[in-house]
Each structure stands twice: as C-alpha cells, then as structure tokens.
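Q: Below is the structure I would like to discuss, written out as structure tokens.
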Amino acid sequence: MAFNDLLQQVGGVGRFQQIQVTLVVLPLLLMASHNTVQNFTAAIPTHHCRPPANANLSKDGGLEAWLPRDRQGQPESCLRFTSPQWGPPFPNGTEANGTGATEPCTDGWIYDNSTFPSTIVTEWDLVCSHRALRQLAQSLYMVGVLLGAMVFGYLADRLGRRKVLILNYLQTAVSGTCAAFAPNFPIYCAFRLLSGMSLAGIALNCMTLNVEWMPIHTRACVGTLIGYVYSLGQFLLAGVAYAVPHWRHLQLLISVPFFAFFIYSWFFIESARWHSSSGRLDLTLRALQRVARINGKREEGAKLSMEVLRASLQKELTMGKGQASAMELLRCPTLRHLFLCLSMLWFATSFAYYGLVMDLQGFGVSIYLIQVIFGAVDLPAKLVGFLVINSLGRRPAQMAALLLAGICILLNGVVPQDQSVIRTSLAVLGKGCLAASFNCIFLYTGELYPTMIRQTGLGMGSTMARVGSIVSPLVSMTTELYPSVPLFIYGAVPVAASAVTVLLPETLGQPLPDTVQDLESRKGKQTPQQQEHQKYMVPLQASAQEKNGL
C-alpha cells in the first residue's frame, strides 16, 4: 500500500485537511506584505535642505532664498546656498540661483509629509549621501531570506515541519514587532534580517506540510491556492498601507498577527510522511489515526497497524537511498549543464522581478494604485502562463516570458519620466511576464532534473533566485549615474538569460526522468503511470511560484 493510499484510507481531503490547509496558508497573506512593505515604510517623500539654525527667514527673504533650483525648476534635494540669494526665483537655474555658492544639507532636511507622515527615510535621513542605506536594508532582508531557506530547510528535515513552523511564527512576530520599535537604523536592519529568515522558513514549510497531508490528485490545487493567497496579500498590503501610513504602525500591524499564528500552530498535526521518513512508525500511526478521527473515519484508522505502515514505508526507504547530494550537480556533465543554465534563468527572473516591485515610486503614479495593479496582473499572468506552457511548451514559454519582460523594462528606460501612463503600462506588462516566468521556471526545473536530485536542483535554483533578489536593490543605486541605468540593467539581464533557454531540452509531453541515464535518453512514449505522475506531481513544483522568491 502506498502512502497516498493511506491518506485516502483516513479520509482523503476531509475536515482535517480543509482546516489545517486554511490555517497554514493564512499567514502567507502577511508574508507578501513583509516582502514588499519597504515600498511604503521606506518611501522617499519630496524633500529639501533645512536652512541654517541661525537663519532669519523673514529678513533673508524666506525659505526660497536658501534653495537652489534643479533643471526642472524644483528645489534641489541635497544642496542649499551658503548665504541667502535675494531677488526673484530663477526656475531655470540662471543668475543668482545658478551662480551662488552651495553646500550640503548640514542642518538636515524638510520633508513633504502629506502622503507619508513618517518613513524610515524621514526618521533617519536616508537621503542624499545616505540614500544607499535604504536599498541596503532591503538587501539585508533578502540575505535573511536566503539564510532562512538554508537553515530552516535543514532544520525541517531534522526536527519536523510543525516544530520549525512554530519557531518561525514566533520569530517573525518578535523580530517584526522589534523592528517597529527599533531606535536606530542598524537595529532595524538586524530585525528585518531575522524576519526574512523566519518568513523563508514559513514559505518552505507551509508548502511542505500542506502537500504532505494531501492526496496526489489534490496537491496541484493546494499549490495553486497558495500562490493565489500570496497574490491576494499584495492587494491587502496596498489597503493596509493606505489606511496606516506611519511606518512604525504599519510594521507593527503586519507583525503582531504572527503571535496568533504562533498560538494556533501548536494544534497542527505533524506530517505523517516526515515521521515515517524519520523511522518513527509509532508517531506515524498515531498521526494517521488522529486524522482519521477528525475526518470521521475512526474505523478505517483502527485498521492501520505497524505492519501496514512498514509495507507502505518500504518503497520510500528504497527511493530515499537514491537521493544524490548537491555536489552531484557539478560532478556530472549533464547535470552541470542543467544547473548552470537554470541558475541563470532563476537569477534573471528574481533579479528583474524585485527590481520592478521594489521601485513603485519611480513610475510617477500613486504608489497605492500601482501596488494594487501589480498584485492584479499576477492573476491573468499565471493563467496565461499556464495555458502557454501546456500548449506551446516549456522552452518557448520561458524564452518568451523573459524576453518580453526584458524588452518592456528596457523600453521603460527610454520613455520620458512625465509619460507616467506609458511607463506604468510597460512596468505592469513586464511584471506580469516575470510572474509567468516564475511559474514556468518552477515547472521546467522540476521536469528537467531526474528524480534522484530533483528537490536538490529546485533548492539550488531557489538559492540563485535569492541571490538575484539580494543584488537587485543594490543595482538601483546606479540612479546616481543616470536615472535610467537601473532599468537598462534590469532589462538587459532577462533578455540575455532568454537566450540560455535554447540550450535546454523541451519537456512538454516527455516522461519525467528518474536517473541521469533517463535524462540523456529522453525518448519513447509515456506509460500511463508516468502520465499520471507528470500530471499531478510536476505542477506541485510550479505551485510554489514567486512567493519563495519572493
């Protein structure tokens, strides 16, 4: 009897699965908020230099006398006159406004608080020479996500999914709350890094715990549900950020609910599959019988015994012996080729994705509106992506998604700043293509790697995505050279990566490889068993989507 048969015996998709899946998925609403909350908590309002403390504005001719103008006729953000400049304003940077000696803002800045009453930028003056620190905060958060994926992924295999989830909920609640009360910028960054670590663990173990309690034929549906819940979280963030504009209050609001998640997570039932893989048949039996009672299948649960479990576990133990290490990806030429090509695709997708979603202020429209639009475009993008990869194939879908995304971003770099409608439309289209690229790369990676190293390959791909999300905020610092430089870089990387897809084989309609030998000889028709395996198992890999990237 296979493990899937055991799940069917204790109720399949019963009351227990419905309750636990709902409770495990619920925190993902706020996970999306944590990933991109810095668009609001680190927003940069309009600002200009504060006059000297001893300045007499009424005598000097008002604040305008201290502010030089830029080429657009707006007050300079990072310079002031060393002495007041009398006379009419000179919006074109001529005469007094163009010849007066200037100096940095040694007395601080005055911010326009009409949209954002308080952000980490205004509180700690992360502008001008300190502007790079704003992006550093987001990069450190992504470093935490990278570390969390490695640390908590390992701990979940050692300690169990439930225990690690409980720890992650508590860590997110505590670190997120502490970040809201951080007295200075370094401490804020430290707590954000810890939040990134724990949220990566939540994303990883949420998916694992849910699918390990679901029958095969429902796992793709659960994965799709998880993806759409994450997208819904992007809508939620826009509304919450609009209602709560103060950065400390917003940070607190998206963190405190994790205390509730921590409390109810104690009632989760540990994965019986994990118990069995750890050799704890007694705990496996106890968990299955408990689920049977909740699902109203008490009599079926009573029929289970240690002997039945041993028979079911035998195949899993045999498959477990065939697992390969990550080093196998580099030792074997065929796997090394896949690893290098797929790493480029993972990196490019995540790099460009976070380059777009973490620069909402750069499109010249309401930051709240574009947050909603960016969340909404995921819905049709995921649907269109699903249809394309199942009709035209994985390789052309992956190539088209990256190529179109890159072209849209590159075009955005040459569109004038005042054309906000065109720039926003291109950004939304590019973001939708990158969402489709995330869908495709999860699926494509799962189909390319053989069973013996499939999970390891997916894990390494996810790691490269984390690297892309870490580097992406740092690239935005190149705006100091020229405003469109980041967009040219964000666009060029996916365009270049799209060419890599021609080096990969097509997997549409092909049986899943179990060994490297299968990979090297992808020929022959699929057996009915292989067709079922591909139909239900592969979409599971795709369902993680960009939330793990995130």
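A Cβ is built for glycine as well, from the same backbone N, Cα and C atoms used for every other residue.
When I checked Swiss-Prot for this same protein, it listed these features:
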CARBOHYD  Asn56  N-linked glycosylation site
CARBOHYD  Asn92  N-linked glycosylation site
CARBOHYD  Asn113  N-linked glycosylation site
REGION    513-550  region 'Disordered'
TOPO_DOM  31-135  topological domain 'Extracellular'
TOPO_DOM  359-368  topological domain 'Extracellular'
TOPO_DOM  417-425  topological domain 'Extracellular'
TOPO_DOM  478-484  topological domain 'Extracellular'
TRANSMEM  10-30  transmembrane segment
TRANSMEM  136-156  transmembrane segment
TRANSMEM  165-187  transmembrane segment
TRANSMEM  191-213  transmembrane segment
TRANSMEM  225-245  transmembrane segment
TRANSMEM  249-269  transmembrane segment
TRANSMEM  338-358  transmembrane segment
TRANSMEM  369-389  transmembrane segment
TRANSMEM  396-416  transmembrane segment
TRANSMEM  426-446  transmembrane segment
TRANSMEM  457-477  transmembrane segment
TRANSMEM  485-505  transmembrane segment
Q: Taking a Cβ cut-off under 8 Å, which residues six or more beyond the ends of the transmembrane segment (249-269) line up next to it in the same chain?
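A: Beyond its ends, the transmembrane segment (249-269) has Cβ neighbours at 16, 20, 23-24, 26-27, 30, 33-34, 37, 40-41, 162, 165-166, 169-170, 172-173, 175-177, 179-180, 195, 209, 213, 237, 240-241, 287, 290-291.
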Q: Specify the count of other C-beta atoms within 10 Å of the C-beta of Asn113 (N-linked glycosylation site).
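A: If we count other Cβ atoms within 10 Å of Asn113 (N-linked glycosylation site), we arrive at 14.
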Q: I'm a bit unsure how to read this: which one of 10-30, 165-187, 369-389, 426-446 has the highest number of Cβ pairs shorter than 8 Å with the transmembrane segment (136-156)?
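A: Looking at each of 10-30, 165-187, 369-389, 426-446 in turn, the most contacts to the transmembrane segment (136-156) are made by 165-187.
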Q: Find the member of 191-213, 338-358, 369-389, 396-416, 457-477 that has more C-beta pairs under 8 Å to the transmembrane segment (225-245) than any other listed stretch.
A: 369-389
Q: Which stretch, 191-213, 369-389, 396-416, 485-505, tops the Cβ pairs under 8 Å count with the transmembrane segment (338-358)?
A: 485-505
Q: What average pLDDT is reported by the model for the topological domain 'Extracellular' (31-135)?
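A: On average, pLDDT over the topological domain 'Extracellular' (31-135) sits at 76.
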Q: Cβ under 8 Å to the topological domain 'Extracellular' (478-484), counting only same-chain residues 6 or more beyond its ends: which ones?
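A: Distant Cβ neighbours of the topological domain 'Extracellular' (478-484) are 131, 413-414, 417.
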Q: Within the topological domain 'Extracellular' (359-368), count helix residues (DSSP H, G, I), strand residues (E, B) and coil residues, in that order.
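A: Counts, helix then strand then coil: 6 helix, 0 strand, 4 coil.
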Q: With DSSP as the yardstick, break the topological domain 'Extracellular' (478-484) down into helix, strand and coil residue counts.
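A: Grouping H, G, I as helix and E, B as strand yields 3 helix, 0 strand, 4 coil.
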Q: I need to check the long-range neighbours of the topological domain 'Extracellular' (359-368): which residues 6 or more away from its ends have a CB within less than 8 Å of a CB in the stretch?
A: 39-40, 43-44, 115, 238, 241-242, 374, 417-418, 420-421, 423-424, 427, 476, 486
